[in-house]
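Colleague: Handing you a structure now.
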There are 2 protein chains.
Amino acid sequence: MPMPTDHELFDLGDVVLQRGATLRGATLAYKTYGTLNADKSNVIVHPTWYSAWHDANEWTIGKGRACDPDEYFIVVPNQLNNGLSSSPSNTPPPYDGPNFPPVTFYDQVEVQHRLLTQKWGIESIELVLGSSMGAAQTYQWAVSHPEMVKRAAPIVGAPVTSEHNQVFLKSLRAALTADPVFNGGRYSPGALPTVGLRAFARIYAGWGLSQAFYRQREYRRIGFSSLEDFLVGFWEGFWLDDRDPNNLLGMLWTWEHGDVVQTPGLDGDTEAALRSIRCPLLAMPGKTDLYFPPEDEEWASQFIPNGEVRVIPSIYGHFAGLGNNPADNDFIDGALKELLHRPA
Amino acid sequence: MPMPTDHELFDLGDVVLQRGATLRGATLAYKTYGTLNADKSNVIVHPTWYSAWHDANEWTIGKGRACDPDEYFIVVPNQLNNGLSSSPSNTPPPYDGPNFPPVTFYDQVEVQHRLLTQKWGIESIELVLGSSMGAAQTYQWAVSHPEMVKRAAPIVGAPVTSEHNQVFLKSLRAALTADPVFNGGRYSPGALPTVGLRAFARIYAGWGLSQAFYRQREYRRIGFSSLEDFLVGFWEGFWLDDRDPNNLLGMLWTWEHGDVVQTPGLDGDTEAALRSIRCPLLAMPGKTDLYFPPEDEEWASQFIPNGEVRVIPSIYGHFAGLGNNPADNDFIDGALKELLHRPA
C-alpha cells in the first residue's frame, strides 16, 4: 500500500522541539472520521504506529465498532517523521533528510494537542488509543494532558521503551546504514538503499511475529505461499513501499528514546509520571509480542491508579495489535467498547 | 578470546559431502580431556556451537562435574567451518572462502564418527551432549548412530531448525552481506567487513538473551557497565574476534538447513527420524530462549521413545545453555550426572 493522499494538513507554524531545534513552518497531516458534535464531547484520538500512515488505523473504525464514526469524531494524526507530517523526506534545508531534528513522544503529543485545541477548540477527549508507537503516544497524552484525556487504551506498546526493545531498534539501524547507498542519509530519492532496507525487513520479520506464528505457518492464512514468499512478498515489499530511510530512522529515534519521564515537570521520575495518569487506562499487550512483552505493561500498570492490563491471547506477536487478525481485532474492539461505556 | 591453538588435527582424507562436493584433504580439529580406558567404555562426545571453538565447551568439564576427565574420555570435535577444522578460511582453492561447499549436520557427525572409529576404534559412546548447534549434532548422532550412542543431552537446541529461527539467521546473513566490504565473500583477511559484523552483533544481541535479562540489567553482573558497553564490549568484540565472515556464513548454512530428516534412509520423515532414537535423550531448552523455545523441544520429544524435556529455569535466554550463568551451569550439570547414572 503506497502512501495515502486523502489527508488534510494543519499548519503548525514554528515548533520548538524538546531537544532544542525549532522546526519552522511545520505541518501535521491528519484525517478525521465522523463529525464533531456541538459540545465537542465525542472526540477520539488515535495516533499512528511506526512507519504507518493514518490509513493503517482504519481497522478500528467503522459502523458498529467501538470507534463508530456515527457516534464519534475520530482524529488520526500522522506522527512527525512518517512522510505525511513534517519529516526528513518533505522538509527543506536546513532540516532536510538526515538533518531533521530528533522528535520525542512529548513533542508528538504537543503538536497533536495544538491541532485539537487550535483548530477545533477541543477541551476533552473521550478516548486516546494507539498501537505500538501509537501506544507510547497514548501514554504520553495521558501524562501530558490528564485534564483532557478521559480514557486511554495503549495497545501493544509501552510508556517506556525497554532496553531489550532498544537492542532490536539498534539492530535495524545498523543493518539499514550498513548499505553504502545510504551514505549517511544523503542518498537520492530515486536510488534508495534497498539492500539495507531488505536486511531491515528480515530483522523485522523475526521480531514482528511470534515463534508460534511461524510454527503454525500462519502466513499461509494471510495470503503467502511459503516462508520465502512471506519474507519477500510481505516484509521486503512493505519496507520498500514509500518508506523513506531517513523517515524510518527519525521514527526509530523517537521510539528508542521513548519514556514518559521526559515530560517536563515530572523531574525524571518514570513512576511519578505513571502515577500522574488520572483516567482509566486499559493496556492491551500481545501475549506473544517479542519486543513489547506483557511483563512491561504489567510493571507500568502497578503505578497507574486506574490502570488495567488485558493481554491479547494471540500467536500474532506484535501484530496482534495492528489489525491483521480478525480474532485479535474483535478482542480489542470488545475491550474498547467496554472502556468507552465506563463513566469517566 | 581469540582462536585457541591447543588442539590436535585428524586427517579426514577426502570427505564426500551430502550435498555433492568432495572436500579433499579435509581436517578435523579436536581436543580431548581425560584418558580412554582399556575397554573404550568411557567416551563422551561434545560437539561445538555456532562460531565456537572447543574451548567454549570447557565449562562442562572438570573434576567433580558430570564430564569429569578423571572418569571419562571427553572428545570435543570442532565443527567444519569453525576456522580450526576445514573451513572457508583455511581451505585452498577451489573450495576456499565463499566457494566452500555446504555442510549438513549429517556431514558434521560423519566426520566425527570417522575420528572416533578410525583413530581410537571407539564403538560405544556413554554420552553425546552439545549446546545450540552442538545440540543439533547431538540429535544427529543419536539418529545416525543409534548403535553407538548410549545417552544424549541436547542443550538449547533442536533436531529441526524452526522457520522462526531461520528468519533470525536470514537477518544475520542479510546484515553481514549488506556491507560492501564483504564483496561476495572476496574480502581480504586484513580488511574484514566490520560494519556488517557490527550489525550482525546487534541483531544477535537482541536474540541471544531474553527480555528479562535486559530488564534486570543482568549484563552488569557479568562485567558490563551499561547497555552500550554490553553491545560494543561484549557483542561487537565477540564477533570481531577471529570470526571469519565466510566461516560464519558456512556455519549459518548448516544451522539454517538443520533437520534430522536429512539422514539417508529415513525417507524424508522427521517424525520417523526422531522415533528411531533408541537411547535416553534428555533435552534441556532454556525457558526464555527466543530462537530455540521449549515448545520446539516438547514437540520433538513426543516422538522419541526415551525422550524427556527439562527446561532450564533461567532469564539468560539462549545463553542459559552456553556456560555463562553459574546457576544454569549447575542445573545442567546435575541433569547430566543423573543421566549418566542411568543404566543404558
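Every residue number used here counts from 1 along the chain in the order it is shown.
Cβ coordinates are placed from backbone N, Cα and C, and glycine is handled just like the others.
Just so you know, TrEMBL annotations are computer predictions that nobody has curated.
This is the feature table in TrEMBL:
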type	residues	note
ACT_SITE	B:Ser132	active site, nucleophile
ACT_SITE	B:Asp289	active site
ACT_SITE	B:His318	active site
DOMAIN	B:44-320	domain 'AB hydrolase-1'
Colleague: At the Cα level, what's the spacing in Å between B:His318 (active site) and B:Asp289 (active site), rounded?
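Modeller: So the alpha carbons of B:His318 (active site) and B:Asp289 (active site) sit roughly 4 Å from each other.
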Colleague: If one measures from the C-alpha of the residue listed as 'active site, nucleophile' to the C-alpha of B:Asp289 (active site), what distance in angstrom results, rounded to a whole number?
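Modeller: Rounded to the nearest whole number, the Cα-Cα distance is 11 Å.
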Colleague: Determine the minimum-neighbour residue: among B:Asp289, B:His318, listed as active-site residues, which Cβ has the fewest other Cβ atoms within 10 angstroms?
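Modeller: If we count Cβ atoms within 10 Å for the active-site residues B:Asp289, B:His318, the smallest count is at B:His318.
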Colleague: Have a look around B:Ser132 (active site, nucleophile) and count the other CB atoms within 10 A of its CB, chains all included.
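Modeller: A 10 Å sphere around the Cβ of B:Ser132 (active site, nucleophile) contains 26 other Cβ atoms.
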Colleague: Kindly assign B:His318 (active site) to one of the three DSSP-derived states: helix, strand or coil.
Modeller: helix
Colleague: Suppose you look only at the domain 'AB hydrolase-1' (B:44-320); what would the mean pLDDT be?
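Modeller: In the predicted model, the domain 'AB hydrolase-1' (B:44-320) has a mean pLDDT of 97.
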